[in-house]
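Worksheet: the structure to be examined is printed underneath.
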Amino acid sequence: MSTAIDTLIDFTTDIELKNIAQKVKDGIRITDEECLVLFNKADLPFAGALANFVREKLHGNKTYFNRNFHIEPTNVCVFSCKFCSYSRLYAHKEEGWELSIDQMLDIVKSYDGKPITEVHIVGGVHPKMNMAYFIELIQKIHAHRPDLHVKGFTAVELDYMFRKAKLSVEEGMKALKDAGLQSLPGGGAEIFHEDIRKEIAADKVTGEGWLHIHETAHNLGMHSNATMLYGHIEKYEHRIDHMRKLRDLQDKTKGFNTFIPLKFRNSNNDMSHVPESTITEDMRMYAIARIYLDNFPHLKAYWPMLGRQNAQLSLSFGVNDIDGTIDDSTKIYSMAGSEEQTPTMSTEELVTLIKQVKRTPIERDTLYNEINHF
Ligand code: V47
Ligand code: SF4
């Protein structure tokens, strides 16, 4: 019986695209050159059909979400990424916020009795918040609620913490793991390629440094995510370079759970003159990532940044995870101009959103163990 992908192959006249579709059907990894062909030539229906084939081969209709909240310890930051709408430079720290350990524990306690499975800790890089401070925070969260998975700290925060504590990456990561840190979020990756990184995020951890931190975490048995900030001044070649470095590391460690493309939002930052990508380009980005990153189990659309309707749309373009309930606990995207100014969704809303597009909602924990089918 002829399937949708056979029909796609039959009706594609461009020989390069036809060969790529055949490879995807046969489960053969595509090369960087072929990925560039996709970016340059594949229209949305073509890229989407291939990505959907991969997505359904891996997950069928299953679409994951989790029940989580964020803690953002501070928006004061020693770094000065040009795309960041959120941070207040350390020099102007009185304009920002800083939470004490007790205030953060109060946030955790406000979820007592609620079926939340994950706390995601991420924020600016405040020099006062050092290793000892975060070890105490993690230990106290863990002691109060041992069942809560602590996913925390971008490689940017970790790199700064470890250097300040004069610890190697391995020593630092081991100390945080011993305190109760269970996995790393994917932030801080931006674009690894030096030509772009030096323009948009000149003073923080390098691409190599980011990858080394994640590799070290993986070698200690921890899992992590990876992001890519796209749709600004980078070219397709830089996106491919970024994804290749992730694919190579994943071949070595198998420690990444999820790839999360993050659409650049242009409000209230030093790159406000750079136009945002179109929704067609966003969906092509998801689709091509799903096709290229054949060793990443999951592809996430982060709805607080993309908006809930676009996140719903992405479920037809390779995405199988839409993050979590969030509970209005993050400011990063509302400050950057997202439509979602107070991001929160109840479990019922997430379930409805997924069911409306005929996918099957599944609540997961951070490591993608299935908790509830709806
Ligand atoms: O690294 C900052 C991004 C990231 C803007 O691992 C911006 O599950 C767009 O990584 N436009 C931090 N993006 C958030 C993050 C994340 C979020 C959700 C889930 C996970 C996960 C990780 O936010 C930063 C940066 O790439 N960001 N400013 C902006 N103007
Ligand atoms: Fe600081 Fe992160 Fe903003 Fe860069 S993106 S300025 S590291 S908070």
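Heads up, the Cβ atoms here are built off N, Cα and C, so glycines get one too.
Copied over from TrEMBL, here are the features:
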DOMAIN    63-297  domain 'Radical SAM core'
BINDING   C77, C81, C84  [4Fe-4S] cluster binding site
| request: Across the whole of the domain 'Radical SAM core' (63-297), what does the mean pLDDT come to? Round it, please. | output: 95
| request: Show, in sequence order, which residues other than C77, C81, C84 on the same chain lie with their Cβ within 8 Å of the centre of the Cβ atoms of the [4Fe-4S] cluster site. | output: F79, S80, F83, Y86, S87, G124, A201, K204
| According to DSSP, does C77 ([4Fe-4S] cluster binding site) fall in a helix, a strand, or coil? | strand
| query | Those binding-site residues, C77, C81, C84: which ones have a Cβ sitting under 6 Å from ligand 1? | reply | C84
| query | Tell me, how many other CB atoms lie within 10 A of the CB of C81 ([4Fe-4S] cluster binding site), whichever protein chain they belong to? | reply | 22
